[in-house]
Amino acid sequence: MRVSGVLRLLALIFAIVTTWMFIRSYMSFSMKTIRLPRWLAASPTKEIQVKKYKCGLIKPCPANYFAFKICSGAANVVGPTMCFEDRMIMSPVKNNVGRGLNIALVNGTTGAVLGQKAFDMYSGDVMHLVKFLKEIPGGALVLVASYDDPGTKMNDESRKLFSDLGSSYAKQLGFRDSWVFIGAKDLRGKSPFEQFLKNSPDTNKYEGWPELLEMEGCMPPKPF
């Protein structure tokens, strides 16, 4: 091998060794020396979580008060829901709601659920509703939510029974109106827990139906 070839080989080896030493000495790093920018090193931003209380309320009810939330049905598509003291009494998921009037009875002192039933007010027999309303026990709270059509089969007797429970709108209830209500047996005066929307082409949110109603809050035992 010529001397020039040997020199080239030595030069190449020297360059490789020198480069390797340079990399090792100056470009090596450890994780301890890495400093991330503050915006990268900062711990992830915590999601803001809104604490919810019984029946999804954003504020807790006072001691000895009952939490409730009632939603009417949306058109003839989504059924109503009734929650009382964090118990879902009626809902589409429980498969115990129906077209017309959905009614739950609750003990006004203990909050215990006494029963629930749906009444078809479009093609059903209104006398089933009348019988049910007449048999409501004393001291019971009456929770009502409409779905689709709550008013077609209503008669004077059923309207009076609801009025006696504290309703201000039972006498006006008609075809496809939206209505949510909490009343009580032997109530003196009118209930403060009631919402009503008339079915009107000028104000309806859905085609042929008014907007669903949502009523929530807290009530004391024997609130009326």
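Cβ atoms are placed via backbone N, Cα and C, with glycine included.
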Swiss-Prot annotation, disulfide partner of Cys83 among Cys55, Cys61: Cys55
Write down the Cα-Cα distance for Asn107 (N-linked glycosylation site) and Cys61 (disulfide bond), rounded and given in Å. 18
Integer Cα-Cα distance in angstrom, Asn107 (N-linked glycosylation site) to Cys83 (disulfide bond): 14
Given Cys218 (disulfide bond) and Cys55 (disulfide bond), what distance in Å do their CA atoms have, once rounded to a whole number? 10
Are there any residues in the same chain, six or more apart in sequence, whose C-beta is under 8 angstroms from the C-beta of Cys55 (disulfide bond), and if so which? Ala67, Phe68, Lys69, Cys83, Phe84, Glu85, Asp86, Glu216
